[in-house]
Amino acid sequence: MHKLKVAVIGAGVMGHGIAEVFSLYGNEVYLYDKYPDALEKGLKNILWSLNKLKEKGKITDTERVFSRIKPVNDLSQISDAELVIEAVSENLDLKSSVFKQVSKIVSKDSIIATNTSSLPISELAQSVENPHRFLGLHFFNPPVLMKLVEVVKGVKTDDLIFSKGIEIIKSIEKVPIPVRKDVIGFVVNRILFRIFTSACKLLKEYSVEEIDSLAKYILEFPMGIFELLDYTGIDTNYLISNEVRKRGFDFTCEILKELYEKGYYGAKVGKGFYDWSN
């Protein structure tokens, strides 16, 4: 498969990670964010990650990989992108606005994808011109380390585009999970939402630490359930829980709202279910 010109919209936790992955495999990448500080932070995080990979002997030339990433603050600069991946906050209106703009800028033959973890692909496709070229490419956090990527087909997604999405994911040495039915949470998060909801209900009888110990040492999860919520972001998970409940799926955790309103967004701010300051 030929190397692509990829545009990633949003330089946050997922966006900069996705940009890094594609650059590692020889693709030219535009990384866009309308907020200069967010773009600068995303680039710093990519450079830090690349240096870590070099220290571990996974790559030899940090500068060469990093040079493939071009930061942009004007969407018109991504006009020649062959693949656009949206990775902004989990908000329907925001994502829809991005797709309306991007559809007018890139070629009608360009593939447009979303990294959403909770919003229906077919619903988002309503904001895309030529929606047959739209699909979900759901990476997991952190994209550089996590091997799975859900490739999600919407009602209007063309079969050839769906197949090409799978090939693209294979080209960056990830394991594609084909999701042919556009359901809430796709596959992985549909399972995780149930686990999160059950764990939150158990907080009436057990502590965060006790539940996480059970998850790690009995169920052999790589990290505790509440550690995972902190790591992926209390804010992200709270917004996701709201979106999936609107669509009839049960992801209920009252304490998420409390932590969100206090600004305790998890590991990235040093406070969530756990104190991460040390």
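Just so it is clear, glycine is given a Cβ too, placed from its N, Cα and C backbone atoms.
Features reported for this protein in TrEMBL:
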- GLY10, ALA11, GLY12, VAL13, MET14, GLY15, ASP33, GLU90, LYS95, SER117, ASN141, LYS268: NAD(+) binding site (BINDING)
- 5-182: domain '3-hydroxyacyl-CoA dehydrogenase NAD binding' (DOMAIN)
- 185-276: domain '3-hydroxyacyl-CoA dehydrogenase C-terminal' (DOMAIN)
- HIS138: site 'Important for catalytic activity' (SITE)
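Features per TrEMBL, on structure.
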residue	record	contacts (Cβ under 8 Å, 6+ apart)
GLY10	NAD(+) binding site	TYR32, ASP33, GLU86, ALA87, VAL88, SER89
GLY12	NAD(+) binding site	ASP33, ALA38, GLY42, ALA87, VAL88, SER89
MET14	NAD(+) binding site	ALA87, ASN115, PHE139, ASN141, PRO143
LYS95	NAD(+) binding site	GLU86, VAL88, THR114, THR116, LEU119, LEU124, SER127
HIS138	site 'Important for catalytic activity'	ASN115, THR116, SER117, VAL149, GLU150, VAL151, VAL152, PHE186, VAL188
All-chain count of other Cβ atoms within 10 Å of ASP33 (NAD(+) binding site): 24
Span of the NAD(+) site, taken as the largest CA to CA distance across GLY10, ALA11, GLY12, VAL13, MET14, GLY15, ASP33, GLU90, LYS95, SER117, ASN141, LYS268 (Å, rounded to a whole number): 23
Cβ neighbour count (within 10 Å, all chains shown) around ASN141 (NAD(+) binding site): 16
For GLY10 (NAD(+) binding site), the three-state class that DSSP assigns: coil
Counts by DSSP class (helix H/G/I, strand E/B, coil) across the domain '3-hydroxyacyl-CoA dehydrogenase C-terminal' (185-276): 58 helix, 3 strand, 31 coil
